[in-house]
Amino acid sequence: MYQYWLRFFGLLRKHLFGGFVLLIMLIIGNLGALASPYFLKVIIDKVFGEGDFQLLIQIVFSLLGLYVLRVGANFYADYLYTKISNKITQELTEKLFSHMLKLPMFYFKVNSVGSLVYKINNEVSQVRRAFTGSIISMINSIITIVGLTVLMVLLNLELFIIICLLYPLLILITKYFTPSIKTIIENTRKEESDFLAFLTERFSNVKFIKLFYSHEYEGFLMKNRINRIIDLNLKSTILTSGSNNLSVLLLAFIPLVVLVYGGKQVLESIITVGTLIAFLQYANKLHEPFRNIVSLYVDLVKTSVSIKRIYDVLDEPIDLESASDELIEMGEICEIKFEDVSFAFNDKQVLNKINVIFEAGKKYALVGKSGSGKSTLIDLLCKLIKEDSGSILVNNIRLNEIKTKHWIEKLAVCSQDYFILNGTLYDNLHYGNSSVNKSEIDAILDQMGLSSDDSDTFSSKTLGETGSTISGGQRQKIAIARALLRNPEILIIDEATSELDSLSEQKVFEYINNQPTIRLVIIISHRLSSIQFADEIILLDEGKASEVNSIKEHISMKGGFYKLFKNQLVNSEVARDM
Ligand SMILES: Nc1ncnc2c1ncn2[C@@H]1O[C@H](COP(=O)(O)OP(=O)(O)OP(=O)(O)O)[C@@H](O)[C@H]1O
């Protein structure tokens, strides 16, 4: 755990000067507060004992000066730690967000959106709260304890040793409770993050819930989750409050012991009344920082859990990036070759030593039963996941050696789960295409039939979250238009025309056919109408590219493709022409 804290404090490096000034301000603020009992001793023993009024006036002015200094120091310390903590949490959030976006696609397949949001939002907030709260209070408490120790040793060593004998018990109590508290906090975090994931999933699929009329069932699931969180919170309170209150009991005992032992010393004239009163005041003051440390310790354990969860994400390797930083110049794409490529999700072998060649100038269709691995093959091609064995070669260069940025610039993918921003139509088309101008956008809108779909209102209104205010077909047209605006060399359409009417689909494919910059088109579809434009059709079956033929060859072979599309072939023009 300590290594995580060390790494976290490494973020302070940039703020060393500010941190140093902050420490000085905290020292001034805290030590200033410790002066009063000492002045009280002088007032009792010297001013009243010896009748020195002049000294009283001097003490009053000194106390006044000290208060002004403390107020100034506290004010500046508040400003500084707010500034530093915000900077550090901003850096941490940025680092976490950009690292998460670079993680392999697999990471997002096994981690829910809610849990990722929770890490960026709640875990980082816990760290910020700790910084502005517990860490500063901890420093304040430590400074106060050091100051009090020095003053008490100076006043009376014997009484101080008595106090020292009792405080280790406090540490034992804290140590006893810590492991259980830590486990409960970790479980609570996991439960809270799952709760957020649950909410995100429900609100993203509210239509589904309504259509299944499953409100009551969802309410039941929600109740169970809340109950589990309440249960954990109660257990956590029992442990933290138990530990805190036992410590408080022990702390209350200490001044009583000092009073008995110190009182005896006063009666025997070993120490003055002023010394005993000042010492008692210091001993009482020791409660506060120690009690703080005990309760802050729990808060710091919470923060430790957050820091660990943050660094666990930051330590996830970004293994898809090219090993070399040098840009490998590969020119225009001529050929993409899959050589014995295999890929498995955990134990499930999805692609097994697959061999396929995609040549520039051709259009390919990728077909196969649901779950046969078509999208997985495309994910490999887009470097979203990495093959377990074999290699993907682009113009005979290994895809892994090509820098991701350079490769992605050549691709445009319209996938089943296209991304529609909650912005205007133009915002959506500009996404990733910042250099395109209005006339290019208008031209593509025209081609996609989007300008006639809805007049000006369509282009100026916001499309709603995930495009909820427009139709499925319109969403697909936008996704295709956005992909085409990238002027890609490779265009991949993964079930992205399924919601278009047949006329619109035909127009889209005609437009794609006439784009000179597109060198390779790969279409994934279960619809014959979408794949009939392809020059070659690759059938994926049992993890292999079992048949690669033109549509007519496939039909005459009456193999796997024929069986898959038999029903659709009955009334199709392609089959009739044969
Ligand atoms: N995150 C994952 N974890 C485990 N298995 C997965 C994961 N994603 C996909 N799979 C499995 O990999 C296999 C291939 O999935 P893929 O999405 O590539 O199929 P597909 O041919 O595109 O299917 P469809 O035509 O239904 O879209 C499926 O059996 C699927 O269950």
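One is the number of the first residue shown, and numbering goes on along the chain from there.
Positions of Cβ are set from backbone N, Cα and C atoms, glycine also.
Unlike curated records, TrEMBL annotations are generated automatically.
According to TrEMBL, the protein carries these features:
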- 20-43: transmembrane segment (TRANSMEM)
- 20-302: domain 'ABC transmembrane type-1' (DOMAIN)
- 55-76: transmembrane segment (TRANSMEM)
- 130-153: transmembrane segment (TRANSMEM)
- 159-177: transmembrane segment (TRANSMEM)
- 238-260: transmembrane segment (TRANSMEM)
- 336-567: domain 'ABC transporter' (DOMAIN)
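The recorded stretches the transmembrane segment (130-153) and the transmembrane segment (238-260) do not share 3+ CB pairs below 8 A when only pairs 6 or more apart in sequence are counted, and are therefore not in contact. Among residues of the same chain six or more beyond the transmembrane segment (159-177), those with a C-beta under 8 A of the stretch's C-beta atoms are 149, 152-153, 239-240, 242-243, 246-247, 250-251, 253-254, 257-258, 261-262, 265, 279, 283, 286, 290, 294, 297. Confidence for the domain 'ABC transporter' (336-567), expressed as mean pLDDT, is 85.
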